[in-house]
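These notes concern the structure reproduced below.
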Amino acid sequence: MIYKLSFAVALCFSLCFDLCIAESYVLDDKVGLGRTFDGIGGLSGGGATSRLLVNYAEPYRSQILDYLFKPNFGASLHILKVEIGGDAQTTDGTEPSHMHYENDENFFRGYEWWLMREAEGAVDRFIAAVPFHPCIKLERLPWAFPGWVGHGKNWPYDFPDITASYVVSWILGAKHYHDLNIDYVGIWNERNFDSKYIKLLRYTLDKSGLERVRIIASDNLWQPITYSLCVDQELAEAVDVIGAHYPGTTTVIEALKTQKKLWSSEDYSTFNDEVGGGCWARILNQNYVNGLMTATISWNLVASYYEDLPFGRDGLMTAEEPWTGNYVVESPIWITAHTTQFSQPGWTYLQTVGHLVHGGSYVALTDSNGNLTVVIETMTHDHSVCIRPPLLPFNVTAQNVTFQLKGSFASIKELQVWQSRFDFKTKKPFFFKKLSPFKVNISDGSFTLSLDVDEVYTLTTISTGLKGTYPDPPTSGPFPKVYFDDFNVGKSNPSFSEAPDFADQTGVFEYYINLTDPGPHVFTLRQVVTQMPVTWATDADQTISIIGDYKWQNLTVTCDVFMETVKTGGVFIAARVDKGGQSVRSAKGVFFWVFADGSYKVTNDLVGKTVLAEGLSGTRAYGWHTLTLTVEGQYATGLLNGYPLWKDAVVLGPKNGWAAIGTHSFELAQFDNFAVEAK
């Protein structure tokens, strides 16, 4: 018994000793500085991830934008990266190209132009009150290209001069039509990079007066481009930043040897619950500590797409209900603020950064004018797992830490303190809480901090931090059971080219004003892509746009349709569509097709292999027809122009899904007076 007591006392003493004795860390700029900080950003695109945001009514839309971009309010992002739409499926949907065809240019398609203007506007309004605050940086990257760029091949670099001109035209259009200065252009594809194209793009940019635009390559993997940069001087002169996607906080020695800026140019991709917030907290620090990466960009910016699409709710915040106005400010917003509100692009990391002895990490940045910001994270393994890459085991325990300020920081007497605690045990987390300032020990420039696991701290000389708030948004609710759109927004000169809440999955459906038609169908929605795009994902052979509530089971879908392809043309309306995004080719549901050859078909899948009913319809191109599809339990019925065409087709599945419209192939077709009534 005496032995057991002695062991218990010894164990208690040991634990107390470990916790009470503080490990010491020095923050000193006399030993030299590290790399220049380039910022924290978010990515709109790579799959139509901001699709629903533009459909929010005010004031909720502006509130969401403020949480993302407004300085000293929320995430206060430094970088906005957007997709150059390529008319192709790139994860959760398609974004329209500014050039559907070689002789076509339109710089008002889609919503990325609007988003970039709004992001700059949020910063500009702040700058008016706080001069000399850095502007937001704009980056763009094409994930895909219209089919004409590849000349019939699924590869955009066989004709690099065409591809370079296509990309540069977008940058020039951004300036000419929207007064947007693009700072960075990325080069990415799943297979490899093309050095000839990179050099030609640099030449084309310079020739077009865009010398200030920097190139990020390969904006995908560290290798093989880092090898090439070391042996190809012309390529090295063309590339300014090496970007990697999901680097797992590490880089490769060859990338470091290039002396180029290193970015995690796409990262995170993790469900935005508290584990997702922990992932973001860990990589924001450790991307620099482990990999010397000076910028980290989240895919995605805001989860503003149907949640049942791939990677649902993988944004920094959630805004997926424009029909109610509901949105959720998730933990990654406030984790971002720990860095972005207290440091700016152009600040410099100290060389004295690293890992804490008992787990976690710390970084320190300075503006070289006396200001210092220190960000500390103690995220444990299971509470900071990102979707990719796999995370190796590690341990984090509670600990005391002492930081000693030296060099130009020795005279600092007080630091502002902000804390976030995930608190997975009690389920009572708090984020971005302002604490009482820390007094620095005058005699030796030190301060001691007690750190628990799964916490984030910012200690800073900057006093302008603010946890911005708005009144609670409206309550969350499902998509309306009764919905109608006549697409007549054309009457008021639409700000966006796509109809509210429709999420194009293959093809592009845009507002169309038919000035030659004086009848009721002057304003329609038109599928405009006529050639398979160049894309890394696999587009379906049919075009499709989804809408509504994924939980819908019993419903009636009605739409007027107009085929523009003689003999081979075809269109459909659908219910219970169960897949979108990269999986859209395998979508099942109930699809009611009519064709320009006078036939109809009812299928249980998008590819049209499982036929439930078929026959003659009398439908032709260049005439309007009204289709009505009713699905009730295991049976479906279809009307053509108000008259029964088929009935009681047995539905094999699925039990629920979205409503949809689409075409038989990449072809021109129009839709009008779309309506849904769900039970």
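The backbone N, Cα and C atoms fix where each Cβ goes, glycine too.
Those TrEMBL annotations? Automatic predictions, nothing curated.
The annotation signal peptide is assigned in TrEMBL to 1-22. The domain 'Glycosyl hydrolase family 59 catalytic' annotation in TrEMBL covers 37-341. The active site, proton donor/acceptor feature in TrEMBL is assigned to Glu190. Marked as active site, nucleophile by TrEMBL: Glu266. Among the features that TrEMBL reports, domain 'Glycosyl hydrolase family 59 central' is placed at 349-465. According to TrEMBL, the feature domain 'Glycosyl hydrolase family 59 C-terminal lectin' maps to 504-678.
Take the CB of Glu266 (active site, nucleophile) and look out to 10 A: across all protein chains shown you find 25 other CB atoms. Taking the domain 'Glycosyl hydrolase family 59 catalytic' (37-341) as a whole, pLDDT averages 94 in the prediction. When DSSP labels each residue, the domain 'Glycosyl hydrolase family 59 central' (349-465) comes out as 3 helix, 53 strand, 61 coil, counted as helix, strand and coil in that order.
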